[in-house]
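Taking it in order: structure first as structure tokens, then the write-up.
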Amino acid sequence: MIVKHGVRTRPYHALAPAASEIPSLPSTTNKNYRQHHSLLPQCKSLKSLRQIHAHLIVSGFQQDHSTLTHLINSYSLFKKCGSALSVFCSAQNPSVILWNSMIRAYTRAKQYSEARKMYNSMVEQGVEPDKYTFNFFLKACTSALDFEDGVLVHREVARKRLDSDVFIGTSLIDMYCKMGDLESAREVFNRLPKRDVVACNALIAGLSQSEDPCEALGFFRKMQTWGLRPNLVSLVNLVPAVSRLADIDTFFCSAQNPSVILWNSMIRAYTRAKQYSEARKMYNSMVEQGVEPDKYTFNFFLKACTSALDFEDGVLVHREVARKRLDSDVFIGTSLIDMYCKMGDLESAREGYASNGCFVEVLELFDWIKGENTTMNKVSIISALLAATKMRDLEKGKVIHFCASQQELNADVSVATSIMTMYAKCGEIEKAKQIFEGLGKRDLVSWAALLSACVQSGYPEAALSLFRDEQNEILKPGGITLISVLLACAELSYLKLGMSMHCYALKANIASDISFGTALVSMYAKCGIFTSALTLFNRMPCKDIVTWNALINAYTQIGDACHAIDMFRELWLSGITPDAGTLVGIISACSILSDLDQGTCIHGQIIKNGCEHDVAVKNALISMYCKCNVVSWNAMMSGYVQAGYAREAISAFHQMKLENVRPNLVTFVCILPAVAYLAAPREGMAFHSCIIQMGFLSNTVVGNSLIDMYAKCGQLNYSEKCFNEMEHKDKVSWNAMLAAYAVHGQGVDAVALFSLMQESSVQVDSVSFISVLSACRHAGLVQEGRSIFQVMHEKHCLEPELEHYACMVDLLGRAGLCDEALNLINTMPMEPDAGVWGALLGACRVHSNVELGEIALSHLVKLEPRNAANYIVLSDIHAHSARWGDSGKTRSMMSDSGLKRTPGCSWIAKMRNRIKAVSDAIGFRNFVLVSARAKITVWKQPD
């Protein structure tokens, strides 16, 4: 363990295994630095995050504060505060931004005491808290209900005169409201020089819970006179007040087309206020107005029905829940259990969940009944044992066994058989045998149950041993017993014993049903006697899916994939729907034949049948794709593109074709970004032609990739054509076209498309706003950009992120509104990153604003100390303002920091040649003609 900055952490060598799992990358270029940064927000798993972290260490970027901030934020999203702390402790002299990130990480993970310790350590070490520090720590105090520390922070905020900041003010209002100190909350609100909707919402939430709900409603109306438009959060916060005042008309008049969230909030508020009849009226009104209830609606209304003992409505809701197939939801399930228990109808509760496979709920019901000291009958015990058996929960099974013994139900044959089956299927074969031998009266049912449990649990030897031990007594094997013995013989390839059982069944005139016939087919097939298996199969008058699976899986196991696929086709023609067992067998057959086309078709059928979540099916699909060559090629091409080796990705595509591996849809989705990276329209058109020939053009994902590729190749008209000709557009299609207009600076077209997108009822997201704002900034559409940025939160309830703020700062800056851009930065609810300050610096360069440029650089030096471009931009600003001395000082600062200018490079394609323009570190430009045979420096000229 290491102690640093007053906290304990583990050393970094724990990341060495992660670093070894991915290939090494060059570590000295600014390009790789940016690649690592761009990958961090895209991490979907903790493993990939640790791998990128390991690369950053190997590449030498681990001391960069911007990198450390990104890493801490990424780890906090996975609630891995220990890893975030390790990153923090690796910093030398951590800045306030790093301290803030750690406080926020602990708050996100609900580790409020650790957040407090981090704040105290920060103050003790003389690091000056800023407004973000106070904002994050106030949220921690509020969530932890630590009002004593919260008041102390308020005093410190007031001492630093930061209580006029709207974000800190909102946090203080929220804290005081949750303390019940509304007077202090009002005082903080009244002192705010500029109030926004978020601050109003915080106060509405507190007033709604107060003793005077009229004040909340009055404040709600008053905020509208200030020109502040209420949003969805405003209305939801107002619900408790409205429910007590019964002023529904005012509430719903304020909401245009009230969403299901508002209806749910009203139903919940009435239920909490014990106004159950009003909750029922609200539910009925919601349905009458055509608003579709969701799982939360049913959950809240079921609680109202239960509390009101209105079981008639509760049963009706249960039927509606079952019709919508929501009865497997754990929250609805719990509400239904509670309702039926209070009705005294325990059988309905148990049967409803057992039939739907809700075994967790069955066991919860058992615990509830046991806790109430209610006497259980044998049906309850058997149901609970079934649930424990299905979940393979041996410990819970033992508790149920003990409960059955206490109530003297274990002597019952049916209960004892269930206990015995539970032990056998949980792997306790000896315990199961002990219970069987202790039965006062053994019958065929209990014997067959034990044999079946042994076979199903993977103990065929134990099943045959038990069969031999017991068959010589009074017990004579019947059809069910023989099925278990035949299945055990199939697993162990005991052909001789299996044939003996077949003969015995014929002599004893044991009726041969589908299950018995299937067991015989499986036994002969798995023992390799396919002639007998097929003869029996063809003679069977009726066959079910298990019978077909027996033959298909047997063929697959011996490697005869062709016969397996033939059997599958016959099954399909017979009209029987394949199940998970069939699909596993046929996927394995496709793997043996390396037939990816057939496998892909099967995969589609799996999705259609809803079997994609079955573990065995998933494993079979993974195995198949790994064995098929095209997947490996696709992975290789995708890896090349992500690493920036686009030319190598295209070469891999051509090599794949030379090896006669047929490209699939995923191949083109992987390769088109490489074309876009190279801005090579000729190659793009060639791939487009292949896509049309192979029939992939109708696929939406491919269409989206084509839009993006043509846009980045400078062919906007082709992007528009692809977009207009798409049969099925999704949200990504619209966003791709918006991004295309943004890249080409077509702001008016982007705004028009954005409006059309909303009119077409396509759900806009944060990516849509980034694209349209980017288009506005390129086209200089300041007013349009302001309007779009404003409706993002007010109309669509989307919180602007760093990228949105960066676009707005750039938009305002390009228009010469640098002071307004700086004001926007100062009101951001999060810490501005390098993209935001870089946008302001770029604007200062255009308008030669030295003062703001120096402010921007002072922040950028902390965030990107290794980025030489920032120094160069400020140096240019000084030079344009004829401040040659300051320009030289800035260049000297860059040199003293050991930074070098990275040469720029551009390619110009002309016929079969490519001209490469390179700007070197001392300001010279090389023009290189690259032909198919040689690279020749044509001429050289200074700038």
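Any Cβ shown, glycine's included, is placed from N, Cα and C.
Just so you know, TrEMBL annotations never went through curation; they're auto-generated.
Feature annotations, courtesy of TrEMBL:
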REPEAT    95-129  repeat 'PPR'
REPEAT    165-195  repeat 'PPR'
REPEAT    196-230  repeat 'PPR'
REPEAT    259-293  repeat 'PPR'
REPEAT    443-477  repeat 'PPR'
REPEAT    544-578  repeat 'PPR'
REPEAT    629-663  repeat 'PPR'
REPEAT    730-764  repeat 'PPR'
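Sequence-remote contacts of a segment are chain residues at least 6 beyond its ends whose Cβ falls under 8 Å from one of its Cβ atoms, and for the repeat 'PPR' (165-195) they are 131, 134-135, 138-139, 141-142, 145, 147, 150, 154, 157, 202-203, 205-207, 209-210, 226, 228, 827, 829.
Outside the repeat 'PPR' (544-578), and at least 6 residues removed from its termini, the chain residues within Cβ reach (under 8 Å) are 514-515, 517-518, 521-522, 525-526, 528, 530, 533-534, 537, 584-586, 588-590, 592-593, 598, 605, 609. Within the model, the repeat 'PPR' (259-293) shows a mean pLDDT value of 81, rounded to a whole number.
Mapped onto DSSP classes, the repeat 'PPR' (95-129) shows 26 helix, 0 strand, 9 coil.
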